[in-house]
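Asks: Before we start, here is the structure in question, set down as structure tokens.
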């Protein structure tokens with residue numbers, strides 16, 4: 001052990017160079033500790049100074065960064081506001097555009113698509129029901145009806161206002177409404193399509209016209225075309241006539257002077273089947289055959305023909321014709337207006353006017369009913385009643401309208417609107433002014449005529465537009481009117497606005513004393529003939545269909561054309 005300690009002491013007392021080192025004293029050790037402490041203090045001070053400098057530098061840099069940060073935040077805020085405004089504007093535009101599209105779809109697109117889908121379903125049902133497979137056969141009727149809200153215009157409901165009184169306005173002027181026309185026409189020239197007759201029922205409408213292949217003579221061989229359809233709304237939200245089925249009757253049957261009625265899901269057509277011309281017919285005893293045609297929505301048709309002996313006539317007639325204008329349906333009966341010549345004249349005093357007329361008496365008016373051109377026969381209007389029209393063989397009864405209630409018998413029509421029956425007759429005699437009133441079909445038959453001073457029709461020189469004094473004449477033209485007010489004082493019509501010529505067809509809305517609003521179809525030289533006007537409402541808004549026989553000179557043909565207008569009814573506020 002001692003040997004090892006000697007070795008260790010020898011090791012620590014000898015330098016690496018081989019010299020011997022002496023042990024350090026206590027003072028020397030204290031001096032070294034102070035030196036190291038000084039060094040540490042200086043280092044700490046230096047570090048503190050460096051730390052302060054670094055903090056100052058960092059603070060300075062942080063101040064600049066905060067300012068830059070504030071500017072950056074402000075720029076970001078401005079950019080955000082701009083983006084927000086841009087997005088808001090874009091969203092607003094998109095919302096408005098989509099709202100307009102939605103509104104357009106709701107108002108127009110959806111109804112059109114619904115109508116199209118309805119027609120597609122109807123066609124599909126029709127095709128499936130027309131098939132016969134083994135013993136199965138579909139007999140159901142196609143569900144066809146007017147668009148929602150559409151109904152024949154009923155004056156009692158239409159001619160009223162929530163506040164104030166209704167009136168016809170002259171401002172703005174009426175205009176033609178756009179839409180298609182699907183009236184039956186001709187495939188040849190130099191012929192005529194004549195005598196349009198339109199009946200608008202609660203569910204469907206019926207339209208009939210006569211197609212003469214060559215010329216326009218009444219006795220010329222002709223097709224009779226009967227259409228059934230419904231009233232829809234087009235993309236402009238205006239009403240249209242849309243035919244569903246059409247039937248063309250044999251040209252060899254030669255139907256003439258047809259009147260129609262639409263009721264339920266069927267159309268009925270009453271026609272004359274003359275074998276001679278009109279003058280020859282009036283000169284002989286007995287009437288030409290009548291025929292009642294029935295057409296349903298599946299295109300099935302049935303016809304009932306009646307000879308003179310099969311018609312229950314209240315008086316002997318030499319000639320009898322349906323009145324061209326539409327008839328009406330009541331419980332168990334169809335009622336048509338007719339006219340014709342009595343074999344033996346009735347006694348009594350007819351409607352007359354003597355005031356302001358020279359050398360005129362009641363006898364003048366009575367004799368004016370006997371038309372020399374028609375063999376001197378007394379021409380009267382009649383009610384043709386088809387009883388039990390749903391039976392296998394309906395019965396026809398004819399009742400003469402008393403001459404005391406009427407002017408010269410002529411073409412015309414009946415309208416059942418609400419609880420009233422309105423009658424129009426063509427002003428064929430000396431009385432040139434519009435003839436429209438309310439008919440009481442009870443016994444005895446009576447007519448309450450509404451005097452109209454503003455509306456008339458062209459006629460021959462002796463019985464022109466302005467004639468008011470009684471004399472024998474047969475003239476005028478069929479231009480019926482539709483009552484807008486319950487008393488038939490306010491009407492819609494198409495008049496040939498001329499003195500003696502069948503020219504210048506003009507749509508007119510009028511009261512008893514003034515033409516309020518009118519629209520000329522083209523110009524005063526345009527030739528035309530018969531006109532018929534029928535009106536409807538769509539959720540209270542009134543529209544009229546006007547069918548006018550227009551002379552197509554370039555094709556040498558006469559053909560009906562369809563026009564539509566909106567009724568210019570307004571409400572006058574109470575003062």
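Glycine is no exception: its Cβ is also placed from the backbone N, Cα and C atoms.
Not measured: the values here are computed from a predicted model.
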Asks: For the candidates 448, 511, I need the one that Swiss-Prot annotates as N-linked glycosylation site.
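Replies: So the answer, going by Swiss-Prot, is 511.
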Asks: Looking at the ranges 38-58, 59-79, which is given as transmembrane segment in Swiss-Prot?
Replies: 38-58
Asks: According to Swiss-Prot, which of these ranges is region 'Involved in neuraminidase activity': 254-259, 260-265, 266-271?
Replies: 254-259
Asks: What is the one among the disulfide-bonded residues 271, 357, 469, 544 whose Cβ has the most other Cβ atoms less than or equal to 10 Å away?
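Replies: Answer returned by the neighbour count: 271.
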Asks: Once near-sequence residues are set aside, which residues in the chain of residue 192 (disulfide bond), 6 or more away, have Cβ atoms under 8 Å from its Cβ?
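Replies: When sequence neighbours closer than 6 are ignored, residue 192 (disulfide bond) has 186, 211, 212, 215, 216, 557, 558, 559 within Cβ distance under 8 Å.
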Asks: Report the mean pLDDT of the predicted model across the topological domain 'Virion surface' (59-575), rounded to a whole number.
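Replies: Mean pLDDT, the topological domain 'Virion surface' (59-575): 90.
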Asks: Quick one: of the recorded positions 77, 271, 357, 469, 473, which has its CA closest to the CA of residue 535 (disulfide bond)?
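Replies: For residue 535 (disulfide bond), the spatially nearest of the recorded positions is 271.
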Asks: Do any residues, 6 or more residues outside the region 'Involved in neuraminidase activity' (254-259), come within under 8 Å Cβ-to-Cβ of it, and if so which ones?
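Replies: The answer is 195, 197, 208, 210, 218-219, 221-222, 224, 269-275, 291, 293, 321-327, 336-337, 411, 413.
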